Amino acid sequence: MVVSQTTLSPAVASTTASSEIVTDLTATPTGLSTTPPGCLAVNTSTCQLCVPGSYYDNVTLMCSCCPDPGFCLFPGACLSCARGFFQPLPGQQQCLPCGQGFYSNGDKDSIKVFVRVRPLTQGTGLSTDGDQNLCLTVTSHNTIRLHSKPEPRTFTYDHVADMDISQDSVFACVAKDIVESCINGYNGTIFAYGQTGSGKTFTMLGPSDSDNFTDELRGVIPLFFLINREVERSGKSKSFLCKCSFIEIYNEQIYDLLDSASASLFLRENIKKGVFVEGAVEKFVTSAAEAYQVLSMGWRNRRVASTSMNRESSRSHAVFTMALESKEVVNEVVNIRMSQLNLVDLAGSERQKDTHTEGSRLKEASSINRSLMCLGQVIMALVDVSNGKNRHICYRDSKLTFLLRDSLGGNAKTCIIANVHPGSKCFGETLSTLHFAQRAKLIKNKAMINEDTQGNVRQLQAEVKKLKEQLAQAMISGRDVAPGGPQLSISPSNNHLEVSYKAKFLQAIGLWKKREEEKTWLLQKMSQLEEAWAQKEKFIHSSRMIVKFREEHTTASVGVVLDLINQTRELRSELSEKEDNLAQLSGDVKDITAKYNAVTSEQEEVQEQNSRMQTKLHDMKAEVGKKAASSQIEVELLQDEVLYATEEVERLTKVLGEQNGLLQSFQEQTTEKEALIQNLQQQLKQQEEAAEKASSNTDLSQGLERQELESRRSSMITMEILLAEHNSERSAKNAEIQRLK
C-alpha cells in the first residue's frame with residue numbers, strides 16, 4: 001500500500017496543517033491534550049487539534065490514532081514521510097503506515113508474496129560478470145521485469161526487494177505482521193522458495209556464524225523472537241507458554257533435528273491438533289535466547305552439502321514450529337488463545353546439468369525436485385478452487401504438502417519469500433520461481449483466531465453469579481422494609497398497640513412468604529434461562545457451521561453456475577455453427593445419395609458378374625477335382641516306377657561294381673597275354689632267322705622245325721582270337737556301364 005511519495009518537512013507539515021484546517025477549529029472538543037503520550041508525529045503541536053492519543057494526518061487531512069512508540073520499527077525513517085508513516089526500504093520513495101507494513105491492504109486472507117533478489121557474488125557457480133548479464137530489473141516496490149525474448153515480461157507481487165535491502169527491512173515487511181497475528185491467536189507460516197543458491201537460508205536465518213543472533217545480518221527466524229517485547233507490553237494480565245520443535249524432511253523421510261539419534265518419524269492427524277509429527281521433541285522456552293539456542297542446536301544437525309552452485313546447499317526441507325499459548329484474565333474470565341508459527345526453509349530446486357551431482361547427491365536432488373513439484377501441483381489446484389472449480393487437492397502426495405496443509409489454503413496467515421538470482425545463467429529457474437509465486441498469490445486462506453470457547457462460558461457464569469448476588473441483596477432489603485406497606489405507629493393504648501403489632505407481624509409473614517415464592521420462581525426462571533442459553537448457544541454454533549458450510553457451498557455453486565453459463569453460451573455458439581454446417585451437409589447428403597444409388601446399381605451388376613464367376617469357378621473346381629483324382633493315380637504309378645527304378649539302379653550299381661572287378665581282372669590277363677604274344681613273336685622271329693641260317697640241314701630237322709613252327713602259329717592265332725573276344729566283351733561292358741550312368 002503506497003500512501004504517499006511526497007516527503008514533508010516539519011515546517012511544511014505545520015504550515016499545511018494550520019492552513020488547511022482553520023474551519024475545523026470550531027469543531028474541536030475542549031480539554032484537549034497538547035502532547036498526547038506516544039505520538040510519533042514530527043510536529044506534536046498539531047496534536048492539539050485532535051483528541052488525546054491522536055494526531056492530524058497531513059495525507060488523509062483528518063485525525064488519526066497515534067501508534068505506540070514501539071510500533072514503528074524505524075522512527076528515524078518517519079522524518080522522510082508523512083506523520084504516522086515510515087520508509088521501510090532505504091533509497092525507495094515508499095511510505096507505509098506504522099504498524100501495518102506488509103498487510104496494509106484490505107485482503108488479508110490471500111497468501112502474501114515477497115520477492116527478494118540476491119546480490120551477485122564471486123566464487124560461486126551463480127556469479128555474473130557485469131550488469132549486462134542481468135536477467136531482471138526491479139522497477140518498483142511491487143513489480144519486477146524479466147528480460148525475456150521477444151519482449152520483456154513484468155510481474156507484480158505484494159512486495160519486491162532489490163539486492164541492497166537489509167535483513168531488518170525484510171523482517172519489517174514480511175515477518176512482523178505474522179508474528180503479531182500469532183500473538184493474537186492466528187496461525188502463521190513463512191517459507192522461502194527458490195532455486196539452489198538463491199539466498200533462502202540466508203533470508204530465513206542469516207549468516208552461518210554462531211553469533212548471528214546479535215548480528216545486523218540476522219534473518220527472519222531470529223528476528224521473530226521480538227515477540228518478547230509484545231509479552232512485556234501485555235503485562236501480568238496475559239501469560240504466554242511457548243514450545244518449539246524442529247524437523248527436516250530428507251528423501252521423503254521425517255527426522256527430528258533436536259534429537260540426532262531419532263529414527264524416521266510419522267505424520268498423524270486428529271481433529272484437535274490437525275496434522276502433526278508424532279514423536280517430535282518439543283522444548284519449552286521462556287526467552288528469545290533460549291529459543292535461538294534450540295534453533296541453533298537443530299540447525300547444526302541439518303543435512304547440507306557442497307555443489308557446484310552452492311557451497312552449503314540444503315539437502316532437506318527444514319520446518320521450525322513454534323506453538324504459542326496465551327492466557328488473558330479479564331474480569332476474572334480466563335481467555336485462552338492458541339497459535340502455531342511455522343518457519344520453513346525449503347531446499348532449492350536443482351538441475352543436474354548445472355550442479356553436476358551424482359550418487360547420493362543426485363538421489364537427494366530428485367527427492368527435492370519431486371516434493372517441490374508436488375507443492376506446485378497443490379498450489380495450482382488451490383488456485384483452481386479459488387476460481388470456483390471443483391478439484392481434488394493432493395496434499396498427501398508429499399509429506400511437505402501434507403504437513404503444510406493448513407498453511408496452504410487453510411487456517412493460517414501465510415507469506416512466501418521467493419528468492420531469485422539476477423544472473424542470466426539462472427534465467428530458467430528464475431522464470432519458474434516467478435511463475436510459482438504468481439500462482440501462489442491467487443490462493444486465499446481462511447485465517448481464524450484459535451480461541452478456547454471455555455472463556456465465553458466462564459464469562460457467562462460470572463454474570464450469572466453477579467445476578468445471583470444482586471438478587472440476594474434485593475431480597476434482604478425487601479425483608480427489612482416492605483415496599484408500599486404502612487409504617488408502625490405507637491398507640492397510647494396497649495391494646496391498640498398489641499393489635500397493631502400482630503397485624504404488622506402477619507403482614508410481614510405474608511410478605512416473607514411472597515418473597516420466598518418470588519425467589520423460587522426467579523431461581524426456576526434463571527435455570528430455564530440457563531438451559532435456554534445453552535440450547536441457544538448450541539443452536540448458534542450449529543447455525544454458524546451450517547451458514548459457513550452453505551457459504552462455501554454457495555461460493556462453489558456460484559462458480560459452477562458461472563462455468564455452466566459460459567459453457568451454455570459456448571454451446572449455443574457451437575450449435576449455430578453446427579446448424580450452418582448441417583444445412584451444408586444436407587446438400588452434401590443429397591449428392592452422396594445420388595452417388596450411392598449409382599454405386600448401388602453398379603454393385604448389383606458386379607454382384608451378377610460375381611455370381612456368374614462363382615458358378616464358373618465351381619465348374620472349374622469340379623474339373624480340377626477330377627483331374628486331381630486321375631493325377632493322383634498317375635502319381636502313385638510314377639512313385640511305384642520310381643521305387644522300382646531305384647531298386648534296379650541299386651542292383652545295376654552292384655552289378656557294375658562286380659563287372660568293374662571282372663574288367664580289371666580281364667585287363668590284367670590281357671596285359672599278361674599281350675606280353676606273352678610279344679615274347680612268342682620274338683621267339684618266332686628268332687626261329688625264322690635260325691631256319692634261314694640252317695637251310696643246309698637235313699629234311700628231318702626241317703620237318704621237325706616246321707611242325708614246331710606250325711604249332712606255335714596255331715597257339716598264337718588262338719591267343720589272338722581269345723584276345724579279340726575279350727576286347728569285344730570289355731567294350732560291351734563299358735557300353736552297358738555308360739547306359740546305366
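A Cβ is built for glycine as well, from the same backbone N, Cα and C atoms used for every other residue.
Annotations in TrEMBL come from automatic prediction, not curation.
Predicted, not measured: the structure shown is a model, and the values here were computed from it.
Listed ranges 137-160, 689-712; the one TrEMBL annotates as region 'Disordered' is 689-712.
Note on TrEMBL: of 198-225, 450-477, 478-505, the range annotated with the feature coiled coil is 450-477.
In the shown protein chains, 28 other C-beta atoms lie within 10 A of the C-beta of Ser198 (ATP binding site). Classification of Gly197 (ATP binding site) by DSSP places it in coil, neither helical nor stranded. Here the Cβ of Gly197 (ATP binding site) has 28 other Cβ atoms within 10 Å, regardless of which shown protein chain they belong to.
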